[in-house]
Amino acid sequence: MSQLTHINAAGEAHMVDVSAKAETVREARAEAYVTMRQDTLAMIIDGKHPKGDVFATARIAGIQAAKSTWQLIPLCHPLLLSKVEVTLSVEPVHSRVRIETCCRLCGKTGVEMEALSAASVAALTIYDMCKAVQKDMVIGPVRLLAKSGGKSGDFHAGEVQ
């Protein structure tokens with residue numbers, strides 16, 4: 001069974017020492033969903049939201065979140081990200097927005113938390129911009145889709161039912 005890497009022998013939380021690790025290309029993808037009423041979704045699609053371009057704002061918020069992950073999650077390392085991509089798409093059949101993020105770097109630690117932070121904050125931004133119109137939007141699921149690089153190898157999530 002795998003050990004928790006952020007807990008030392010005394011059971012105390014600590015930041016992992018990555019100084020001896022080799023630099024490798026690492027990439028992670030994550031997704032999040034925001035489900036809403038059809039009229040709320042139409043307002044976003046038609047560009048009629050009073051606060052402006054919801055997708056552009058959510059995209060920038062996601063990028064900022066990835067770059068700020070180390071400030072939000074206590075034991076994350078500050079990373080020199082080489083790529084942050086936030087893609088938003090409409091799923092009208094499910095009355096929701098799908099957010100997919102991709103983070104990449106060449107470094108000593110993975111970018112899973114950065115990808116998840118980007119997806120989460122983009123979803124929260126959509127909620128924030130639309131809450132005056134609809135307060136019962138649902139955020140989720142939020143999950144890691146894939147990661148590559150590093151000692152633990154590759155990971156690919158299964159399909160969500």
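Every residue gets a Cβ built from N, Cα and C, even glycine.
What Swiss-Prot says about this protein:
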{"type": "BINDING", "residues": "Leu75, Cys76, His77, Met113, Glu114", "note": "substrate binding site"}
{"type": "ACT_SITE", "residues": "Asp128", "note": "active site"}
Other CB atoms within 10 A, centred on His77 (substrate binding site):
15
Sort out for me which one of Leu75, Cys76 has the most neighbouring CB atoms within 10 A, since those are the binding-site residues we care about.
Cys76
Using the residues the record lists for substrate (Leu75, Cys76, His77, Met113, Glu114), what whole-number Å value is the largest Cα to Cα distance?
13
What is the separation, in Å, between the Cα atoms of Leu75 (substrate binding site) and Asp128 (active site)?
27
Rounded to an integer, what is the Cα-Cα distance in Å between Cys76 (substrate binding site) and the residue listed as 'active site'?
26
For a quick check of understanding: among the recorded positions Glu114, Asp128, which residue's Cβ has the most other Cβ atoms within 10 Å?
Glu114
Local backbone state of Glu114 (substrate binding site), from DSSP in three classes:
helix
Cβ within 8 angstroms of the Cβ centroid of Leu75, Cys76, His77, Met113, Glu114: which residues besides those meet this for the substrate site?
Thr69, Trp70, Ile73, Leu79, Thr109
Are there any residues in the same chain, six or more apart in sequence, whose C-beta is under 8 angstroms from the C-beta of Met113 (substrate binding site), and if so which?
Thr69, Ile73, Cys76
Using DSSP, would you call the residue listed as 'active site' helix, strand or coil?
helix
